[in-house]
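Data first, discussion second: the structure below is written as structure tokens.
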């Protein structure tokens, strides 16, 4: 299972220094790092390459921001890399509150709030269910549990396209096709393999004595989950939350397939605004809208730092 | 494990561990109904002539024959092969080289890592739209280079059907190489320091150490990364929709988009099911040998 491997390797990558330092300290002989000239050819090569690469990665973000702050006349005349001569926030206002998709002209704000209404419950429901699954698999294995779990993990590799139509039918039978509830169910389903794996591995790593002691004291399934497992597992819940918030916010396919236009998430609405064929293209508004859509996952990314790396390493297979 | 601990005679098989079973109902339903049932359902219906609604009137391999005769599907497969090959090669090579550079005990490692990984936090839609703008021939990179004096400079992949898939590749690499770098870096950090010392003592040049010692040692990381990238490649959809909508013409169509369009736009379900079954087969070809290699010798507990 690639997720497990990736997850562990990332873990190994995060805190290797302490061990290395220790290893070095126990050796005899001269201590400390060999003094090195700061401007050796080797260093210039390494830092030069890394800086060029970093600039390449930053370039699109820079261009996005610059374009979104320019007026259309300046964009037509100027060059996309040049900073704006005259800074205007007009495109941002327009992208948020009055950009058009088809006949609706109430801007991206609608998509934003839809995405919030999709992401918050989907994240909570999917994590709640997956954590209980993981707990049952780690501590209360019943006959056949491993079989279901294997199907679940194999299912993570099946292209979504294969399962989309059957899900449409199931949701239609349940009467929730096209609604927010339906989309929340879909996100819960497709988040389940990776999250269940994440929680199962985490709970299996907790000391078993703890569980046994609670059992001896007469605690049952739910008591142990809420009173012992849950409070002890906050870090993994945070990782799962990062994974789900960014994943669900960035989703496009499920939003298109499983919701009606009035519930379209932000990504779908953004695509409709930018790639609409009618009207004059307003590149500055488009770029402002693009930044607005990317802002939430970017915020999560910059705030969560290394936890994000753990999350995506675990969820890389989801992408 | 637990749950079997109480051995008071032989209680009813069903009532034992009831809470856990009850709590696992969503998982069991997802696994059995959606993943297993849904997949079988789609494969079965790919042999029918369903149009607007799924109907069980079997037509054998008709849908597949039609699929492999459709220019648009052939174009999609060709694009996926080109895109898949280059994104595998480039993301592994670039990812590894960057990781090797990051592993030279450099300063500001965290800053570089943050910069290289942030595109991965963005959605494919955002990625596609940014690169659509950067590759816009009227205003983007092409026009900037031309305004510098090189007036015959041509770089308009999104408007040239021969190279449009490479335009998508550029955006995909920008988004995904950071992750590969992170996975590779984690792999490099797992290599024993003594290996490096030994090769230094023997006077083996660094590039040779990487090529002949380190990379073979990182086999597991490479395979994992490969599987992750490959299963992402097959699913590529949003990026194409945002960047080119499959155009110009059908030049940048991909299988996932073919499936969506036939299921939900062209009302030709049978074609959609056949195409998605082909995607399933592709993934199976990637996953089964890997799973066999990795878990063939008995199941390991993670």
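Placement of Cβ uses the backbone N, Cα and C atoms for every residue, glycine included.
If you look up TrEMBL, you'll see B:77-292 marked as domain 'ABC transmembrane type-1'.
Summarising the annotation, TrEMBL assigns transmembrane segment to B:21-47 (among others).
Marked as transmembrane segment by TrEMBL: B:80-102 (among others).
According to TrEMBL, the transmembrane segment annotation covers B:114-134 (among others). If one looks beyond the transmembrane segment (B:114-134) by at least 6 residues along the same chain, the residues whose Cβ comes under 8 Å of a Cβ in the stretch are 98, 140-141, 158, 167-168, 170-172, 174-179, 181-182, 236-244.
Sequence-distant contacts of the transmembrane segment (B:163-188), counting only residues of its own chain at least 6 positions beyond either end whose CB sits under 8 Å from a CB of the stretch, comprise 79, 82-83, 86-87, 90-92, 94-96, 98-100, 102-103, 113, 116-120, 122, 124, 127-128, 130-131, 135, 157, 214, 218, 220-222, 224-225, 228-229, 232, 236, 239-240, 243-244, 247-248, 251-252. Among the features that TrEMBL reports, transmembrane segment is placed at B:163-188 (among others).
If you look at the transmembrane segment (B:209-234), the same-chain residues 6 or more away from its ends with a CB under 8 A from one of its CBs are 80, 83-84, 87-88, 91-92, 95-96, 100, 176, 179-180, 183-184, 186-188, 190-191, 195-196, 199, 255-256, 279, 282-283, 286-287, 290, 293-294. Among the features that TrEMBL reports, transmembrane segment is placed at B:209-234 (among others).
The transmembrane segment annotation in TrEMBL covers B:273-293 (among others). Residues of the same chain lying 6 or more positions beyond the ends of the transmembrane segment (B:273-293) and with a Cβ under 8 Å from any Cβ of it are 39, 42-43, 45-46, 48, 50, 63-64, 66-67, 73, 223, 227, 230-231, 234, 255-256, 258-259, 262-263.
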Folded-back contacts onto the transmembrane segment (B:80-102), same chain, C-beta under 8 angstroms, at least six residues removed:
109, 112-113, 116, 165-166, 168-169, 172-173, 176-177, 179-185, 187-188, 210, 215, 222, 225-226, 229-230, 233-234, 236, 254-255
